[in-house]
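Asks: Pulled from TrEMBL, these are the listed features:
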| type | residues | note |
| --- | --- | --- |
| BINDING | Cys123, His125, Glu166, His190, His389 | Mn(2+) binding site |
| DOMAIN | 214-306 | domain 'Peptidase M20 dimerisation' |
Amino acid sequence: MASFSLDQTDIRAFYQAVAKQLDQELSSLEPTIIDIRRTLHKNPEISGEEKQTSQLICNTLEAIGLTPKLMKNGVGVIADMTLGTPTADTPLIGIRADIDALRITDLKEVEYCSHNPGIGHLCGHDAHTSIALGAALSLNRCSELFEKDWPGQGIRLRFIFQPAEEICLGARWMVEQGAVDDVNAIIGLHMDPEIIAGAAKIRYGVMTAFCDEVHFEIHGMGAHAARPHHGNDPITTAAQLISSLYQNLPRSIDSRTPAVFTIGQIASGLAPNVIPETASLKGSLRSTNDQARDVLHQRIEDIAAGIARSTGTRIEVRFQSPLPAVVNDRNISAALEQASKDVLGVQQVGLIDLPSMGGEDFSIYLQQIPGSMLRLGCARPDVKAVFLHSPYFDIDERALIIGSRIMLQTALLLSLNPRLIQKGN
């Protein structure tokens, strides 16, 4: 864990003054932020099709005098905000929120459940979007504090509303379109239904796994099911391949290194009495460091080649959609931790012990600039937790203004301590 402190009395006083006003403004704005979240929840859009969501974001930001930029194909938005008098050293801090929904039917019995059949905001991205918009709305109300009460202080933010996180493409699209050009550091958060609303958890270092899709195409020889000796069965080859991968991959790397390989799709054949020509398998490989990932890639290819030789089939292996791990910057994580403690109290902020084996394309930004993200509690204290991607997923909406405060106070801490922002920390 890195230490964090504001080392000048006047800077600390300024930070505390802004934090106090943000608390007041967000309390006043809470009904508006909840209404935004419920509007988004009722009108979810899948990855790459978030046009209405993007327009709502633009309209909200334009109403407070910002000039949002709508990204390619009308999905995704960025908007810059500057308050006070930034110096040449004042960093530009990115606040990222993903905006897409899932192809899952929303089964909740609430008035704000999804109106779009088969699509639901069941991973909390509506909350992330509302938190970022709440941050913009509330900070805009603090302009006088920067300009009159504390001249010489300033803050520069870029709000990044990203599409298509669920298909691991949106962050790449945003980077390609210049969303993080000139940005010095980036922060974000994710709803966590395993943490009670009013609490948060921080992770230093690796937070999520490297993720690869692995595709196998097995080429055999078709035959009548009664005469397997006339053909070369790709289905039995698939069974051997899966068994061998599951047995051998865990023993190919240091057992203390987290990694998991799973086959999730199998497709072959059209009739029960025909041995097909081909079989297709698709799976995912998740690992937590480059070295293990490289070893596992090679072992997968070697195992497939060995099975192909022993069965007389041909097996093609293809790795697709590689997603890097989220590796949180030490100093930016320290700023997130300090801001969370300032907002929630020391006892309500903990550390995440182990990395998640899930994927998160926030990692794409971290290939360009340092950053960090936290897990924000959203569970209701009186309701059994419902996990992400469940058709019944919902949040305790008290988490919304908490998230806005943590994001803004983290950005302010980094703005007041630009020396903490160092690539590769």
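Cβ coordinates are placed from backbone N, Cα and C, and glycine is handled just like the others.
Looking at the shown structure, can you explain where the listed features end up?
Replies: In the three-state DSSP scheme, His389 (Mn(2+) binding site) falls into the coil class. Sequence-distant neighbours of His389 (Mn(2+) binding site): residues of the same chain at least 6 apart with a C-beta under 8 Å from its C-beta are Leu102, Ile104, Leu122, Cys123.
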Asks: Name, in the order they occur in the sequence, the residues of the same chain whose CB lies under 8 A from the CB of His125 (Mn(2+) binding site) and which sit 6 or more residues away.
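Replies: In sequence order, the residues whose Cβ lies under 8 Å from that of His125 (Mn(2+) binding site) (at least 6 apart) are Ala97, Asp98, Ile99, Asp100, Ala101, Glu165.
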Asks: Can you name the residues of this chain that are 6 or more positions from Glu166 (Mn(2+) binding site) yet have a C-beta less than 8 Å from its C-beta?
Replies: Ile46, Ser47, Asp100, Ala101, Leu102, Cys123
